[in-house]
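Annotation comment: Swiss-Prot describes 9-29, 44-64, 71-91, 101-121, 143-163, 217-237, 244-264, 279-299 as transmembrane segment.
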Amino acid sequence: MIFSTLEHILTHISLSIILILMTIHLIIFLVDEIRKLYDSSEKGMLVTFFCITGLLATHWISSEHFPLSDLYESFIFLSWSFALIHIIPYFTKNTKFLSKIISPSAIFTQGFATSGLLTEIHQSSILVPALKSEWLIMHVSMMILGYAALLCGSLLSVALLVITFRKNGKLFSGGNDFLTESFLFGENLFQKTSFFSAKNYYRTQFIQQLDFWSYRVISLGFLFLTIGILSGAVWANEAWGSYWSWDPKETWAFITWIVFAIFLHTRTNLNLQSVNSAIVASIVASIGFLIIWICYFGVNLVGIGLHSYGSFPSTSS
């Protein structure tokens, strides 16, 4: 009872802060000179991260299982993963721009997770027999962490495309201060460009930085996704006697894996190391962004297959 009350309080605190952060970001979008508001929003994100962490911990204790058994619990974990990835670059020198790009999505996922829209599917704390396995934490946590990292990396790729094809105007709030931070990284994919001048120096440097970090974040997410798929296959064999059954969730997870494998191949192929390869890879990652949401959220609308226990009650089989 105490933990349920604490969980309820943490949920409302998180949602209240998220609503305030949404208002702050709207003000910053309209009046981009107000930089102090951005600092306040970042501190608010830290508070919500700790609230979500406490929410996961109290829910784990009250339900007596790791909170990854349905769509509601997994979305809470996804929002926590998003927030974790968001705050890491905030405390790292020269990478705060990553937080600026990721923060809107982190705020959205946290707001949706704590809004109560998914509470209808979380009606019982009793696990179905298939979920009573030690593989639950390994498989689902790796998949969710993979989704979060791939989504964040894809957002950086989307930003790369926007900056590449946008020729005029400020890139982000704060004007050139955002771009004139030190750009220190180990490789230069754009050194063969023929239009290197003072006018496009910061723009080119920023594009390189986006490409550098999108590749690394997506690589990390791809590793998590691969581990999640393999552990899920082993778990499926133990539970149902088959490593793979091609149900909707498994099929779309495989499609997601293929898409980001193409991204990594395009990005690392020595014969394709050029500006165009970075753009092509970013386009692939942008497509992957949509596919991840179809795999994670869209498939649950169907409510069929071995993963239907995580879908909405109105569509569950």
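If you go along the chain as it appears here, the first residue is 1 and each next one adds 1.
Backbone N, Cα and C define each Cβ position, glycine as well.
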Cβ-Cβ under 8 Å with the transmembrane segment (244-264): same-chain residues at least 6 beyond its ends: 143, 150, 215, 218-219, 221-222, 225-226, 228-229, 232-233, 236, 281, 284-285, 287-288, 291-292, 294-295, 298-299, 302, 304-307
Long-range neighbours of the transmembrane segment (143-163), counting only residues six or more past its ends (CB under 8 A): 68, 74, 77-78, 81-82, 84-86, 98, 101-102, 105, 171, 203, 206-207, 210-211, 213-218, 220-229, 232, 253, 256, 260, 278-279, 281-283, 285-286, 288-289, 292-293, 295-296
Same-chain residue ranges lying at least 6 outside the transmembrane segment (217-237) that approach it to Cβ under 8 Å: 85, 133, 135, 138-143, 145-154, 156-157, 243-245, 250, 253-254, 256-257, 260-261, 263-264, 285, 306
